[in-house]
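Asks: Here it is, the structure, as structure tokens.
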């Protein structure tokens, strides 16, 4: 299994039939009858261990070049890489790379890859094999998912990690590793979901692994993956093979199966092309000219899978699509959006009535799909204050909260009942609240604002001449009172919807903001003027407030961990905030 904690494998790989998802056999015996390794094997093992120290021991850092992977420099020894890899041998002959620290060459991983991707952890596993001849187990944090009942033997993160290793082995010209990973990918093909076979087929095509291509093409041709998904995710040459094989299988199973209506298919594809062009007006025109409906074209599914969130908003605004409609594979638009892992589209669909409890034909909910696609590294990643939270984590949080609550009630407009003076005060309060949310929880605030169609200026104290709402309150001599009142009410409703969305999907963040605004914000206003001593008190108090935000988040996170549920991760680390005890002002 990918996360098994076992020793590294032996120096000989190709003869070992015992392949697992994360490591291979490490028996040093030359035959079953020998109980003691030979002196030669012991010497090679010691050499391997000594070379490994060059990678793992900080005291043995004698590297002479850096390869930057995902923004992280990895020190390497060019002589070792050149002796083991024809790719690096030719690279170091041809160029010296850009100058780094102490004039050592620096290379960027993305410059090496004509296709595919090789992540930081995958490169470290590859590098360890180059140095030691031993293949390490796959790191748990990048080769498993966060679904609590998954065996991790063929989930998407497990497959993706081996795919990355295959790209590294093929591009860097390590044929023995290619053979190992090809067998491992072949093992995946029979166990994985059909959608998860697509990345395997793609790497097989790029690396010209014919046996693996044939196995994948056969598996995909027998699946229910639609032609559009294939055309979007695979090269034309491969798609053509799949379609031919699929037609043959269909004719064998049902010779009387009527062919698809080409005119009907053409009209549907025209609607999809209009969505690709972000032209919803053209979509409306095509619907008028033909007898095709949005649901027949699965337009909402298509937009959720491939289009900008603004296009999804416009399609929903037409009011012609069933938000819980299932496509031919039994997926709703929410299931498709979850596979894409786009939080804004997920929240859009939920606010329009999409049911998170809907199950696919194989019994998976939206949150189950999302968890099977998410790596522990991404789910548990820590985010500094002011940085955006990980999208995978936000998607899971939103869906789990939706599963635990009643569907959100419709937006009842109460802004029309607010008097003019109260309207300005309410606008000021909401503008400042949303601005504070952007400061403390930027990713969550941005998501709520996008759905509510709200934009706000940065937070400013009431001493500002224009207020925190910027030009919103300014008097326009060309604007009639009626128009101004309509504009302010529209703004108020957008801000109120932003706050409601925050309370609905990010309740812990909202609680922190409530406490900050009720208990602490007035004190900051009173301290705005004053002597230097008062300014020092204000700065000290602000640091204490930052600590309270962290403590509140840690408390929520601990409670969620105990119950197996998750909370928002957009905050800063306690080490960078300061003391652990909050001092109340007298």
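Cβ coordinates come from backbone N, Cα and C, glycine included.
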Asks: If I go by Swiss-Prot, the feature zinc finger sits on one of 142-156, 157-171, 172-186, 187-201. Which?
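Replies: Comparing 142-156, 157-171, 172-186, 187-201 with Swiss-Prot, zinc finger matches 142-156.
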Asks: State the residue range annotated as region 'Disordered' by Swiss-Prot; the candidates are 535-560, 561-586.
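Replies: Among 535-560, 561-586, the range Swiss-Prot annotates as region 'Disordered' is 561-586.
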Asks: Where else in the chain does the repeat 'ANK 3' (329-358) make close Cβ contacts, counting only residues six or more beyond its ends and a cut-off under 8 Å?
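Replies: Non-local partners: 195, 224-226, 300-301, 303-305, 309, 312-313, 316, 321, 323, 364-367, 369-370, 373-374, 391-392, 394-395, 398-399, 402-403, 407-408, 447-448, 450-451, 501, 505.
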